[in-house]
Amino acid sequence: MPTEYPVATRDPRLHDAPLLIAARGEHPEVTPVWFMRQAGRSLPEYRKVREGIAMLDSCRRPDLVTEITLQPVRRYGVDAAIFFSDIVVPLKAVGVGLDIKPGVGPVIEQPFRTRADLDRIPELDAGMITDITESVRLLTAELGATPLIGFAGAPFTLASYLVEGGPSRDLGKTKALMYSDPQLWNDLLNRLAQISGEFLRVQVAAGASAVQLFDSWVGALPLADYTRFVRPASSKVLAAVRDLDPTVPRIHFGVQTGELLHAMGEAGADVVGVDFRVPLDEAVTRIGPGRAVQGNLDPALLFAPRDVLRRRVGETLTAGRFASGHIFNLGHGVPPDTDPDQVKYVVDAVHGWKFADYQ
Ligand code: 1CP
């Protein structure tokens, strides 16, 4: 049974925050914008506070989590903060041996191979992550009328790190387990659904206003395998949030998910994140009515001349008008070598855009 929590009282001004208006399927006066990986290595102030502190240690220190989460909000004036953490933090919290290696990503000490490995992944209990509760409380107090987006990794993407042992290009071992032992695969995904669901519930209970479930690598699967082997577990995670607080919008995102967009919405998302490979208006059609979209400027455009960048921002905003709500974002994360002034330029272009001038 999931833990029952009292949900924190939120700042009443959040009701009118553009991000939450768009997530509800309406069009606020100005399109809201935030960026995946808006915190992190592209910011000199981030590099400074992280000096000499390992990634996973920084994620467990409320003072650092608060500072790093707020840095892009201060610098860019984005419409939301995203909680500074990592998708593997809850796995580490339940005792899985892993580390985040600089320049590589998550590395697992003993990759998942057999049923016996399931015993090394216990369920997550709120008591194991009291620091997360504290960080979210500190943050929401500072953020006031700006929403905080909580997040977690979806079961498939978490499983891919556990099975592969680290970042992988083709996810061969993950797919081999899925096809050869569907029962063990299901048990693993259900365990991970409990962990992700609880990680999100803790953030929502402490005051997060929206959540994003990252299924970054699920685009490696064809639709039929996604709906059979993955979606039931993702649905459980999204339902765990809805059951705690149905007013908190759930964003669901993955890379190379052009063929999966509709199905990912059906998993129980209010907003579907779109990567840069599918034109946004086409994505709106694929997702279908009744869900907002988030996306989808190609991160590579942050390295383009400003006239090109501005035109593409405008095209993305114009396509977003056809959606039931649009949250502007990149099609994936901010690259570490991005010039922060280019990011600021995009925020200002989105906020200053006058649709009437371009019709
Ligand atoms: O030392 C460092 O600075 C390490 C770089 C780093 C950072 C800044 C990692 C390692 N994780 C993070 C923070 C992080 N991770 C955030 C918060 C920052 C923000 O968005 O502003 C978030 C939302 C994540 C989520 C995350 N981690 C995802 C899903 C998002 C995505 O990019 O698709 C994934 C896949 C991870 C795993 C991970 N952690 C770190 C890296 C380099 C990776 C990817 C490795 C790979 O390619 O498989």
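Even glycines carry a Cβ here, placed using N, Cα and C.
All annotation found in TrEMBL is predicted automatically rather than curated by experts.
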From the candidates His326, His332, give the one listed by TrEMBL for the same substrate site as Arg37, Gln38, Ala39, Gly40, Arg41, Asp86, Tyr161, Ser216.
His332
Other C-beta atoms that fall within 10 angstroms of the C-beta of His332 (substrate binding site):
24
Going by DSSP, is Asp86 (site 'Transition state stabilizer') sitting in a helix, a strand, or coil?
coil
Could you state the whole-number distance in Å separating the C-alpha atoms of His332 (substrate binding site) and Asp86 (site 'Transition state stabilizer')?
15
Arg41 (substrate binding site) to Asp86 (site 'Transition state stabilizer') - Cα separation in whole Å:
14
